[in-house]
Amino acid sequence: MAPALVVARRELAGYFATPVAYVFIVIFLVLAGALTFTLGGFFSRGQADLQPFFSFIPWLFLFLVPALTMRLWAEERRLGTIELLLTLPLPQWQAVLGKFLAAWAFCGIALALTFPLWITVNALGDPDNGVILAGYVGCLLVAGAYLAVGSALSALTRNQVIAFVLAVALCFLFAAAGSPVVTEFLSVRIPVLAEVARALSVADRFNGFTRGVIGARDLVFFASFIGFFLFLNAVVLDHRKAD
Amino acid sequence: MAALIEIERLTKRFGGFTAVDDVSFAVDRGEVLGFLGPNGAGKSTTMRMLAGFMPPTAGTARICGADVVARPVAAKRSLGFLPEGAPTYPEMTVTGFLGFAARIRGFRGSELHDRVANAMLLTQLEGVRLQPIETLSKGFKRRVGLAQALLHDPPVLVLDEPTDGLDPNQKHEVRDLIRRMAPQKAIVISTHILEEVGAVCTRAIIIARGRVVVDAPPSVLEREGQSLDDVFRALTLGPPPADGAAREAA
């Protein structure tokens, strides 16, 4: 097993050893369900798909994922275990990757537990399960993108509240970058940036997945987005290990 | 063959503050080096740089010939490190924690099991093996950290205050353990308990304001007609002695 997977395994077990995991999963499921059935109009739409559920995911993760990542490195600093972890014989990027993978797997578990929604649409109608699968892949990628951002910011500060607020703000920037409010404003003032904003928008990319389209360009976007922020995480960690 | 630990002109600055200033020494197999100094003298910073946790501002440190900056993983493989305060993951059990460290070090299957069992035997942890670390007393926590450092039987041991928080019996046991391992290893321990230096160390370095002020066997220090206590106070309280004066005192 690669050292990154050893770290990931320990981290994941750590989530479930504390109430963090259970609180996160319960709140996520309650909010996702409530939003889907009330604001999303799951029944009144009269369509057998998970569109109402998927449409809330980027906004729900916007708050829940930073809550998960704010402690990633800040907690290691508080306990002093960062000194232990980074003096074990593993390359630093493997420690960064391991922590990320654990948090990502945890988000995957939370998403998998929304399966009753999937059962419901299949019982009520005849949905396109391929589209639903693509939507879930999109959800996982959005979670990964936010996790990478949050993890890098957690390495930047030892204060968990600051890590949370900064992560929400930055994730919001990437989520809202493609929204009409932002792009229309930018296209009037700085047309070049409007294109950039649309290209960097996590929510825009995600919409493709919920329509059932898994585009190579979108996959490359998410992979490089996550890769970039994990790289940033490793660099920040290298410079601020002991602070 | 070069010494197992080689430190050359190691320096660490934090902004305008120089925590470690041009420190050089080497530790060979069979030596137990006692690293002494008042709080804030730069002991932990030196050890952190040696363990590859903090990059030095200037100078180099090598463990078994591997530079800690250029070849960090190779250097860390030969090193057992007990960080200051013996940090551990509180929610893990003792075996879980040691198993994690062993897995990172590449041990698998029955060897992993044997390594963990042996480390717990050496540090007398079998009685609490399935307890979460957060429920243990300070002395046990320290020994869990020590067990983690001994797990892979490394040629180099760097222990930051290994006996802090232990009761007199446990202190005695840890010193015994260090003495038993000494012939095969190069060991650096930091401490501010001076009697410990006489008890286990073959050599003592006193560091004050980031500089080495004395490097000598403890017996030589005491032979000056003073107790270690007096030597320590004389060297670390007054104004920093000039380089030549320090060598003479040593």
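Backbone N, Cα and C define each Cβ position, glycine as well.
TrEMBL does not curate its annotations; it predicts them automatically.
TrEMBL lists A:53-183 with the feature domain 'ABC-2 type transporter transmembrane'. Sequence annotations record features per position, and here TrEMBL assigns transmembrane segment to A:12-36, A:56-74, A:95-119, A:131-149, A:161-182, A:219-237.
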Count the CB pairs under 8 A between the transmembrane segment (A:56-74) and each of A:12-36, A:161-182, A:219-237, then give me the winner.
A:161-182
Residues sitting near the transmembrane segment (A:131-149): Cβ under 8 Å, six or more positions beyond its termini, same chain?
49-50, 54, 57-58, 61-62, 65-66, 68-69, 100, 103-104, 107-108, 111, 118, 121, 167, 170-171, 174, 202-203, 205-206, 208-214, 218-219, 222, 225-230, 233
For the domain 'ABC-2 type transporter transmembrane' (A:53-183), residues assigned helix / strand / coil by DSSP:
108 helix, 0 strand, 23 coil
Cβ contacts under 8 Å made by the transmembrane segment (A:219-237) with residues that lie 6+ beyond its boundaries:
73, 86, 92-93, 96-97, 100, 141, 144-145, 147-149, 151-152, 155-156, 199, 202, 205
